[in-house]
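J.: According to TrEMBL, the record shows the following:
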type	residues	note
ACT_SITE	Asp364	active site, proton acceptor
ACT_SITE	Tyr452	active site, schiff-base intermediate with substrate
DOMAIN	39-123	domain 'Copper amine oxidase N2-terminal'
DOMAIN	140-240	domain 'Copper amine oxidase N3-terminal'
DOMAIN	292-560	domain 'Copper amine oxidase catalytic'
DOMAIN	566-654	domain 'Copper amine oxidase catalytic'
MOD_RES	Tyr452	2',4',5'-topaquinone
SIGNAL	1-18	signal peptide
Amino acid sequence: MWLLGVPWALALLVTAVAPDPSAAPLDPASIFADLSPAELRAVRTFLMERPELGLAPSRGGPLAKNSLFLVELLPPPKRVALRFLAHGGRRPRREARAIVFFGAQAEPNVTELAVGPLPRPSSYQVLGRKGGRVVPFWARPMTQLEYELLYEALVGAVAPLEPLLREATGFGFQNCSGRCLTFSDIAPRGLGPGERRTWLVIQRFVEGYFLHPVGLEVLLDHRDPDPRRWTVRQLWYNGRYFGSVRELAELHARGALPLARLPEPPARHLFSSYEPRGRFFTGTPSEVHGAKVCEPQGRRYRLRGNRLEYGGWSLAFRLRSSAGLQLFDVRFGGERVAYELSVQEAIAFYGGHSPAAMQTKYMDAGWAMGASSYELARGVDCPETATFLDAHHLLDADGPVRFVHALCIFELPTGVPLRRHFDNDFQGGFNFYAGLEGRALVLRTTSTVYNYDYIWDFLLYPNGVLEAKVHATGYIHATFYTPQGRRYGSRVHSHLLGNLHTHLVHYKVDLDVAGTGNSFETMDIRFENISNPWSVGARVVQPWLHREPRRREREAALPLGRAPPRYHLAVTRRHENEPSSSSIYTQNNPWDPPVTFESFIRDNETIEDQDLVAWVTVGFLHVPHSEDVPNTATPGNAVGFFLRPFNFFDEDPSVASRATVIVRPLDPPTCSRLEIQRWTPPSPGPCVHPEAFTYNGTY
C-alpha cells in the first residue's frame with residue numbers, strides 16, 4: 001500500500017521518413033522527454049507551411065489572425081507507454097500538442113492539434129475535448145501582441161488624466177523617460193461568458209513596481225479583435241468610481257477632486273528593493289558566506305537525459321510549458337509506484353475594496369506558468385553543487401526560446417537524521433548509538449507569474465518517501481490603501497494595502513502500486529471505552545484503527561459534505577480524456593470552463609481494483625503584513641504532501657544506505673574504548689566550491 005500524507009476535424013497524411021537506424025538507443029524515459037528545439041522548430045515549420053491553416057507569425061500584425069500559440073510534448077497514451085516500458089519493442093509515436101488561435105475566420109476559436117510523428121512531422125489531427133467542447137476565441141490566453149496593444153490603448157485613453165497623474169505621483173505615461181507609469185492586469189476578465197474587459201492597476205515603474213499603485217484603476221474592454229474599438233468602461237480613483245475618463249479629468253481640472261499625493265521615491269533604499277538596509281541587533285557577521293552544501297566525494301545521483309536515479313529511486317521528468325513539472329514512471333527498488341505525478345494548477349483568490357482586488361482570482365495555468373521558468377541563481381535558488389538544466393519553450397513566439405538554468409537537481413542535507421537511537425544503559429553509559437544521516441534529492445524549478453514566485457520541489461528520500469512541496473515568495477499582489485480597505489488586509493506601507501488571499505495548488509497523482517489495479521481505503525482513529533480484561537471493575541479508554549473502503553468516486557471526494565469543487569483529496573478512475581484538472585483557458589472563462597473537475601466524479605464510477613488517480617489540493621491563507629515587504633519570505637509559506645510506503649516493504653528500505661554510523665562500547669559500562677562502524681570514508685574531506693557567483697538572466 002502507498003499512502004498520500006474546433007468544430008471541424010482535419011488530417012493531412014504524407015509519407016513518413018524512417019528514423020536513422022544507426023542512432024544510439026535512447027533511454028526508455030525519453031518517451032516522456034520535452035520536445036527538443038529542433039522538434040519545436042519542425043512542428044512550427046510544418047504547421048506554418050499548411051495553406052489550409054493560414055497561419056501568420058505570432059508577433060506583429062492584427063489580433064484577428066490565425067497564429068500558433070503553444071507547442072509542447074503530447075505524452076503517449078498510458079497503455080501504450082506501459083507496454084513499451086515493460087516489453088520494449090516499437091517506441092510510441094512521438095507527437096506534439098499545438099494550440100492554434102483561429103482569429104481570422106467567421107467563428108473564431110482556439111483549437112488544439114496533435115502533430116507527428118516526430119522528429120519529422122507529416123500529419124496533424126484535431127485533439128477532441130471531453131464533451132466535444134469548443135474553446136471560444138475570447139477565452140484564449142493573453143499574448144505579447146495583445147499586451148502591447150492594451151498598453152497603447154490605455155495610454156491613449158487616459159491621456160486627459162496626464163495632469164492629474166503628474167501632480168499626484170510625479171510620474172506619467174507621456175514623454176516620461178525614467179519617470180513612467182505602468183500597469184498590472186488582473187483576471188478573470190469580466191463577469192460572465194463572452195466578456196474580455198480587464199481591470200488595470202496603474203503603478204509607478206520603479207524597482208518592485210507591484211508595491212507602487214498610484215490609486216487609479218481602469219476597466220478596459222478589449223473583446224473586439226480590432227483595438228480601435230476598445231474602450232474604457234469605468235475608473236476607480238482613491239476610493240471612488242467614475243463613469244468616464246472625461247468625468248475624472250474635469251473634476252481634477254475644477255479642483256474638486258481629492259488627490260492621492262505620493263511622496264517622491266528615494267534614489268536609494270527604496271522600500272520595495274532588495275538593497276540591504278539596517279543592521280541586525282546582535283552584530284553577528286552577515287557580510288561573509290554562510291553554510292553551504294557540498295559533495296566532497298562527488299554526486300550520488302545519476303542523470304541520463306530526462307532519467308533521474310538516486311538510491312532506490314528512478315523516474316522520468318519534464319517541464320511542461322503549460323503547467324510545469326511532471327514526473328513519469330516513478331519507481332522505487334525497480335518497482336513502479338506512480339505512473340504520473342504532476343502540478344496541475346495554482347490559484348490565488350483575493351478580497352479587497354478596490355475593483356481590481358475584489359475581481360482578482362488568479363489561475364496560473366492560464367498564464368502558462370510552466371513557461372515562466374526563469375534562470376535559477378547558483379548558490380541562492382539552488383546550491384552551488386547543483387546540476388542545472390535548460391528548458392526550451394515555444395509559447396507565443398516565432399521559434400523556441402531557451403530558458404537557461406530553468407531546473408536544478410541537488411542532494412540536500414536535511415539537517416536532521418533520517419533515523420537515530422541512543423541506547424541508554426542507565427549506568428552512565430550506553431549499549432550502542434546508531435544513526436543515519438538525513439539526505440534527500442531535490443528536483444526544483446520556479447514559476448514567476450508576474451508578481452509571485454512559486455518554487456516547485458519534488459524531494460526523494462532514501463526510505464521510499466516522496467515529498468511534493470511548493471514555496472510561495474515574490475511580491476504580494478497589493479492595491480492602493482483606503483480606510484475601507486483595512487477590512488480586506490493590512491496596511492503594509494503608507495499608501496499600500498496587502499490584500500488577503502488564499503493559495504490553492506492542485507496535483508495529479510496517478511499511483512500504480514503493484515500494478516494498475518488499485519483500490520482506495522481511508523483510516524482514522526476512533527476510541528472505545530471497554531472493560532479492563534485484567535482488572536475487574538476497571539475501564540480502559542483506548543484508540544482503535546477504523547478502516548473504510550471507498551468503493552465509488554463520490555465516497556472518495558474528501559472532505560465529504562462540503563460544496564464542490566475544491567476537495568482536499570479526490571480519487572477517480574483514470575481516463576485518457578481526463579489528463580488534467582484544469583486548462584490554460586479556465587482563467588479567461590471560469591464560468592463555463594472546458595475542463596470541469598466536478599465532471600470527473602459526477603458519474604460516480606466504481607473505484608475498486610481500477611486504475612486510479614488521486615487529485616490532491618494543498619494551500620494556505622495569506623494575510624499580508626508589513627514583513628511581506630519587500631517580498632514574501634518562504635518560511636511559513638510552503639505547503640505540500642508526502643507519498644509514504646505503508647506495509648509495502650518488509651522493512652525500512654533505507655537500510656541499504658551506507659551512510660549509517662554505529663558506535664558500540666568495547667568495555668561497558670566504562671565506555672572508554674569504542675568501536676565505530678561506518679561504511680563511508682572517515683572524513684568527508686574539503687567542502688569548498690571554487691567557482692565564483694555568476695548569473696545571466698536572459699532567455
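Each Cβ is built from the backbone N, Cα and C atoms, and glycine gets one as well.
No curator has checked TrEMBL annotations; they are predicted automatically.
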J.: As a test: from 39-123, 292-560, 566-654, pick the stretch that has the greatest number of Cβ pairs under 8 Å with the domain 'Copper amine oxidase N3-terminal' (140-240).
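T.: Looking at each of 39-123, 292-560, 566-654 in turn, the most contacts to the domain 'Copper amine oxidase N3-terminal' (140-240) are made by 292-560.
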J.: Take every residue in the domain 'Copper amine oxidase N2-terminal' (39-123), average their pLDDT values, and give the whole-number result.
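T.: Here the mean pLDDT over the domain 'Copper amine oxidase N2-terminal' (39-123) amounts to 96.
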J.: Give the distance between the Cα atoms of the residue listed as 'active site, schiff-base intermediate with substrate' and Asp364 (active site, proton acceptor), rounded to the nearest whole Å.
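T.: Computed Cα spacing between the residue listed as 'active site, schiff-base intermediate with substrate' and Asp364 (active site, proton acceptor) is 10 Å.
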J.: Relative to the Cβ of the residue listed as 'active site, proton acceptor', which residues of the same chain, six or more apart in sequence, are found under 8 Å away?
T.: Glu345, Ala346, Ile347, Ala348, Ser447, Val449, Tyr454, Gln587
